[in-house]
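Undergrad: Take this structure first; my questions come after.
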């Protein structure tokens, strides 16, 4: 019997709705990954609503919880770490301490850093120290980085002028340490208005993927968290990078189709669960 992979997901959590771990955990489980959720914040709902309440996990609790897993002899079974939204650079450094501990227990363990800073339509939502930490420290340890366009712009200190420029910016991030960079949402002058575009960049090659852009009265939150989680999960399940990239684009599109059909603001993950596991659509990544 094939072993089920285990993934430590260090992200935010909302009681109502879907963002951070609340957007990623169930889909990752649904496609066959054992997820260990470590919630960096617990909020009533995501912060695009007019109000929310909740608490942030103290940074020192992150390595302490990981040591608790080590104490019961399970840390070596962790195949990957996924990190998302950071409340502070201190929280980020605590995560890197945990990643180092896990890689010591399992040298084959992977680390995907989703450098959450915001959304092109919503602006930056983190302090400058977090952006600096992600670029200067997290990128060096990450196997994979999955920025959106705003985050890639922040790392580059400029906006792109073309698709080729986006590719150059992703390659500059790749040079800081990751094995692969996935740009989850491209935005550049001349991009087709009816398309949603992504990039996958490695040292050897690059791929571009386009799918239809779906319209919503309010853009659902958690799409990036879902994207990063599914991409890492498919790699753990044996996909190569391009196959994981294509599967992720299709599965996320299926969720958005279901969400749109329901007229929902929150992602319809439960209703779309079979479409996540077995996407009906397929989008081909084109090598650049």
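From the backbone N, Cα and C atoms, a Cβ is placed for every residue, glycine too.
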Undergrad: Kindly point out which candidate in 114, 240, 274 is recorded by Swiss-Prot as part of the ATP site with 151, 184, 211, 212, 213, 214.
TA: 114
Undergrad: Record says 12, 47, 48 bind substrate. Source is Swiss-Prot. Which of 194, 225, 239 does it list for that same site?
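TA: As annotated by Swiss-Prot, 12, 47, 48 share the substrate site with 225, chosen from 194, 225, 239.
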Undergrad: Could you tell me the C-alpha distance between residue 225 (substrate binding site) and residue 114 (ATP binding site) in angstrom, no decimals?
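TA: On Cα coordinates alone, these residues lie 8 Å apart.
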Undergrad: Taking 10 A as the limit, how many CB atoms besides its own sit near the CB of residue 151 (ATP binding site)?
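TA: A count of 28.
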Undergrad: Can you tell me how spread out the ATP site is, meaning the largest CA to CA distance among 114, 151, 184, 211, 212, 213, 214, in Å?
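TA: Answer in Å: the longest Cα-Cα distance is 23.
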Undergrad: For the substrate binding site, please report the maximum Cα-Cα distance among 12, 47, 48, 225 in Å.
TA: 15
